[in-house]
Amino acid sequence: MADVSGTELSDGKEAEIELKKRQKRPWEDLHKSAKIVLTPELPETLGFYDIGAVRRQQRELPADPSLTRFISAELTRGYFLEHNEAKYTERRERVYTCMRIPKELEKLMTFGFFLCADAFLYVFTLLPLRVLLAVLRLLTLPCCGFSGSRLLQPAQVCDVLKGLIMVLCFSMMHYVDYSMMYHLIRGQSVIKLYIIYNMLEVADRLFSSFGQDILDALYWTATEPKERKRDSIGVIPHFLMAVFYVFLHAILIMVQASTLNVAFNSHNKSLLTIMMSNNFVEIKGSVFKKFEKNNLFQMSNSDIKERFTSYVLLLIVCLRNMEQFSWNPDHLWVLFPDVFMVVTSEVAVDIIKHAFITKFNDITAEVYSEYRASLAFDLVSSRQKNACTDYSDSVARRMGFIPLPLAVLLIRVVMTSVKVQGALSYSCVFLCYLGLVTLKVLNSIVLLGKSCVYVKRANMEDKLFETPSAAPPSTGKGPSRADQARCPTPSGETLMEQKPIRPFSPPPSSSTSSVTTQPTLRTDLFPPPPAEPCPATPASRPPTPPPERPAPSLAEAAAAAEGEEEEEEPQEASDLKHRTPNEDLLEIDRFTICGNRID
């Protein structure tokens with residue numbers, strides 16, 4: 001019995017020793033039997049199991065690092081991109097977004113360019129006719145008798161003021177010698193001119209940011225309801241301030257055009273090269289900043305205005321040069337390379353800047369279609385009978401483009417460069433005016449049609465028919481946000497926050513129908529109000545919310561309704577001052593010329 005037990009113990013010890021050896025050297029049995037079984041524990045290199053590497057790792061003697069082993073590992077190691085699929089998919093989408101930016105941006109720029117052109121042509125074509133109709137009304141009023149409480153309608157008063165500003169500023173521009181200014185700038189050094197040009201760009205943005213406020217203050221002071229007649233005296237200082245502003249801004253643009261003209265006529269083209277390189281410096285100041293959706297919208301509007309202004313300046317430079325060379329067509333081909341370089345640099349800088357801004361801030365390319373729809377909404381809403389602003393003023397507030405100073409300068413340059421003498425010359429001028437009127441009408445028709453399409457795609461048609469809120473009492477402080485609340489704001493948040501529970505039906509066509517009658521024809525989008533109103537959704541809303549871009553005004557209306565249920569207090573018009581920052585693009589009524597500014 002003792003021998004048997006001793007034999008069993010020795011066999012157990014031998015089995016344990018053998019198991020330990022196998023654990024230390026798992027390849028000995030495989031080597032002896034010449035059979036290799038692939039196990040998931042072995043290291044994988046380029047899809048093959050390296051048995052030699054496992055043998056070297058399992059050796060009992062320590063292995064010294066060698067250059068051969070390191071190079072072999074670098075040449076044969078593998079990795080799998082699908083293990084991080086989300087990250088690489090996101091990187092690929094960024095590349096696709098950057099490739100789509102030029103197309104989407106140029107669509108927005110083209111649409112905005114024609115909007116600025118429409119507002120600019122309005123000053124030359126329809127504004128004189130509207131001023132003439134207002135003057136005829138004043139002259140015929142004593143014969144026809146007083147038909148109402150107003151001598152002129154508010155829109156006619158604003159037209160007359162614009163006409164007077166244009167006439168006075170044009171008369172004052174005759175005392176400014178363009179040739180003397182050109183030779184004065186040409187005598188400066190290249191570096192000094194480069195600094196002057198940068199200062200002029202900054203001054204132009206500052207003038208534009210404050211100029212429309214001056215004009216709005218004049219319009220509101222002249223048209224606001226007055227309790228006493230002596231209150232009309234306040235129009236005089238506002239009018240003088242507006243004339244002074246337009247005159248200074250026109251001189252500023254003239255200095256810009258003269259500096260650009262000097263750069264075109266320089267022999268070595270060094271100044272023009274420095275000016276164009278200044279555009280690329282703009283990339284450094286914009287790309288590496290944080291941009292939200294609204295800030296990018298403001299920058300896009302500023303770029304549209306800057307591009308249109310550059311084209312008008314190039315037109316002025318070409319007119320001055322062609323006049324100096326007696327309108328020789330051959331000289332136009334001499335100017336063409338420089339003009340092409342300026343235009344190309346503007347387009348390239350805008351594309352690079354917007355591509356990297358959208359990349360760094362994770363903004364999709366579809367946002368530019370929303371920007372285009374917002375600009376289209378301004379155009380469509382300004383055509384309604386209950387519009388609270390003229391379209392040219394709406395463009396000025398949205399993009400910072402004020403057409404009056406630029407129009408005064410262009411008229412001054414054209415009348416200096418082109419000599420009108422004789423009946424044939426005046427006939428040509430009249431035909432040119434008819435051509436401009438035709439171009440303005442065709443441009444307006446095409447823009448209005450495109451705008452209606454963009455508004456329909458963005459599901460913003462219901463906002464066109466939202467009724468305006470009650471007018472606040474007049475404070476006599478000029479056009480403020482409270483004054484703007486009288487008119488139907490594009491997003492309709494004023495009405496939503498004042499009365500979020502009561503649903504409303506579309507107003508009658510006699511008060512809010514469009515002049516073009518295009519929005520009123522779409523009665524299928526506005527179903528009748530339901531029997532039981534919903535506190536969060538108004539009745540004029542379509543039955544199915546848009547899947548792509550829901551209106552943020554509904555969310556704010558729901559939030560306002562919940563606040564009323566919790567606090568159980570009636571919401572008044574004074575709550576408009578305590579609203580949260582607007583995220584809707586249509587609510588940006590104060591433009592920002594400096595696109596880099598973060599509000």
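Quick reminder: no glycine exception, Cβ is built from N, Cα and C everywhere.
The structure displayed is predicted, hence computed values, not measured ones.
TrEMBL lists 164-185 (among others) with the feature transmembrane segment. Residues 123, 127, 193, 196, 239, 242-243, 246-247, 250-251, 254-255, 258-259, 261-262, 320, 404-405, 407-409, 411-413, 416 of the same chain lie 6 or more positions beyond the ends of the transmembrane segment (164-185) yet place their CB under 8 Å from a CB of it.
Among the features that TrEMBL reports, transmembrane segment is placed at 235-255 (among others). Only residues 6 or more beyond the boundaries of the transmembrane segment (235-255), in the same chain, are considered here, and those with a CB under 8 A from a CB of the stretch are 161, 164-165, 168-169, 172-173, 176, 178, 181, 185, 196, 200, 203-204, 207-208, 210-211, 214-215, 217-218, 221-222, 309, 313, 402, 404-406, 408-409, 412.
The transmembrane segment feature in TrEMBL is assigned to 401-418 (among others). Within the chain carrying the transmembrane segment (401-418), a Cβ under 8 angstroms from the stretch's Cβ atoms is held by residues 116, 119-120, 122-124, 162, 165-166, 169-170, 173-174, 178, 208, 211-212, 215, 246-247, 249-250, 252-254, 257, 304-305, 308-309, 312, 315-316, 319-320, 322-323, 392, 395, all 6 or more beyond its ends.
The list of residues near the transmembrane segment (424-448) in space but at least 6 beyond its ends in sequence, with Cβ under 8 angstroms from a Cβ of it, reads 111, 114-115, 117-118, 121-122, 124-126, 379-380, 383, 516, 518. Look at TrEMBL and you will find 424-448 (among others) tagged as transmembrane segment.
What TrEMBL records for 466-583 is region 'Disordered'.
The compositional bias 'Low complexity' annotation in TrEMBL covers 510-520 (among others).
Sequence annotations record features per position, and here TrEMBL assigns compositional bias 'Pro residues' to 526-550.
Taken from TrEMBL, the feature compositional bias 'Low complexity' applies to 551-561 (among others).
According to TrEMBL, the compositional bias 'Acidic residues' annotation covers 562-572.
Positions annotated as compositional bias 'Basic and acidic residues' by TrEMBL: 574-583.
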